[in-house]
Amino acid sequence: MDVPDGVQVTGPIEDRYDEVLSRDALELVARLHRELDGRRRELLARRGERVRQIADGGTLDFLEETRSVREDPDWQVAAPAPGLVDRRVEITGPTDRKMTINALNSGAKVWLADHEDANTPLWENVVGGQLNLLDSITGDIDFTSPEGKEYKLRSDGELATIVVRPRGWHLPEKHVLVDGEPTSGGLVDYALYLTACGQRQLDRGLGPYFYLPKMESHLEARLWNEAFLIGQDHLGLPRGTIRATVLIETYPAAFEMEEILYELREHSAGLNAGRWDYMFSVIKCFRTRGRDYLLPDRNSVTMTVPFMRAYTELLVRTCHKRGAHAIGGMAAFIPSKDEERNALAFTKLTEDKTREAGDGFDGSWVAHPGMVEACREAFDKVLGDRPNQRDRLREDVHVTADDLLDVRSTPGEITEHGLRNNVAVGIRYLESWLRGSGAVGIFGLMEDAATAEISRSQVWQWLDNDVVLADGTQVTTELVETMIGEELDKAREELGPEGRWDDARALYTELALADEYADFLTLSAYERMP
Ligand SMILES: CC(=O)SCCNC(=O)CCNC(=O)[C@H](O)C(C)(C)COP(=O)(O)OP(=O)(O)OC[C@H]1O[C@@H](n2cnc3c(N)ncnc32)[C@H](O)[C@@H]1OP(=O)(O)O
Ligand SMILES: O=CC(=O)O
Ligand SMILES: [Mg+2]
């Protein structure tokens, strides 16, 4: 390996790793780290400050200091880039070799190649995923499963456009050090992909495209924009060829959507309603603020409850006002072998995508190739031959800060079933994450880091706020500990005793029961990884 001065790669170097951990890529990582990491840390500290202000009785609101950006009628984001004009179905998923091929072949218009919610950032996933991306772009990718099933890319030219989701600003990469410091996981993911694949994607008439997760402010978007300028300059790529869709999936970011589009405007490819992390963020931001911010059982918080509806309506309105795509959220339903469950999953998915298409979204997400067709049908009914509906301005939408903050009007109960489900899902998910699989089907739903965050944060919040369940039972530490033991036994029996069950139990207990609320489960879990 040819490693620049000041850079150390401490993870094991396997066959072909040097193709993505190239000198060029590591030079870019070093430059990004030296120029941007101080600001990244400052911005992370500001997040903590905002949570403290809310805990002390503060709230969230649209920003006074950026009013001129919102009121200026004259700016628009860049015109949609090639491969990102028609986005009616987007599939998401991890970048392991088999799923890379399956996602690209799925018939979806876009594949969100995920190094975030759906990925455990094990070193071999981080680097191996990049190699799979590179091979899929050079066309040199195939795979044979242990059962002998063979996989290769379809040859009819209908492959999904690749959009890579790097890790969020909070996650470090401990296997790449610059000047002795761990680097930003997101910047490493970005730099490796841009270096290996940026020019190659341009040569194919596409471009280096990204989905940006978990941002909490327009200043964090400004930092990504600077990373894009540095990356393009460093590699000699024309300015504006990088495009990024930002997930609006934190409560604070919902108040800065327009500013986020503005910061990224020459690189912007729109916004996405990251509904699961959004729910997590609502709980997290107001977790100590009592009954007004208590949500009922996770699975009863649908997209039609008032605060969720306000958020998606504002997202469509904001995007289309600025010429940007508005992309809908993840319906977590996945096909089931049980006929009844399967029918219900398809009914729910169709309802969800039909509502989004009717509301003006330009496309939406599915978690599984089996759901691509149903999503496409829902959008086809509204879009027909048009590639998107960015011209639907939704000037009828008027969402206020109070609408976004109206958690209190969410109908539903907190039940024993909901509590137990949170415990069961949380433990099963963490066990899978610790073994290297960051996305898993549990009880008929796709679970990933975002949904699991809800499952542990609700329990923490219900304990902190002395919640009494619908049947009159008080939520106590002892009750949750008993459920953890019971659900662990069930999971072991059902899925087998081998695996990291004891670690999952310890981690879930820490995340749900500790006095001090952990910012991200992935940070706590990453500390337990080699
Ligand atoms: C909140 C958010 O951030 S959402 C975005 C992040 N989350 C995700 O991306 C999760 C994406 N989905 C998945 O990872 C998977 O669908 C899971 C883990 C939930 C379920 O996967 P499986 O247990 O393999 O499901 P199942 O057995 O039904 O899969 C059938 C086939 O579809 C493939 N498949 C399933 N989901 C996907 C996917 N998202 N991308 C590509 N291929 C997929 C499987 O690899 C399998 O292929 P095979 O028949 O060739 O072996
Ligand atoms: O990343 C998507 C979400 O819903 O969270
Ligand atoms: Mg998310």
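First residue shown is number 1, and so on along the chain.
For all residues, glycine too, the Cβ spot is worked out from N, Cα and C.
Listed features, source TrEMBL:
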- R165: active site, proton acceptor (ACT_SITE)
- D448: active site, proton donor (ACT_SITE)
- 5-67: domain 'Malate synthase N-terminal' (DOMAIN)
- 161-406: domain 'Malate synthase TIM barrel' (DOMAIN)
- 413-528: domain 'Malate synthase C-terminal' (DOMAIN)
Nearest-integer angstrom distance between the alpha carbons (Cα) of the residue listed as 'active site, proton acceptor' and the residue listed as 'active site, proton donor': 14
Under 8 Å by Cβ from D448 (active site, proton donor), counting only residues of that chain that are 6 or more apart: D117, A118, W276, Y429, G438, A439, V440
Secondary structure composition of the domain 'Malate synthase C-terminal' (413-528) [DSSP: H/G/I, E/B, coil]: 73 helix, 9 strand, 34 coil
Neighbour count (Cβ, 10 Å) for R165 (active site, proton acceptor): 25
Three-state composition of the domain 'Malate synthase N-terminal' (5-67), taking helix and strand from DSSP: 37 helix, 3 strand, 23 coil
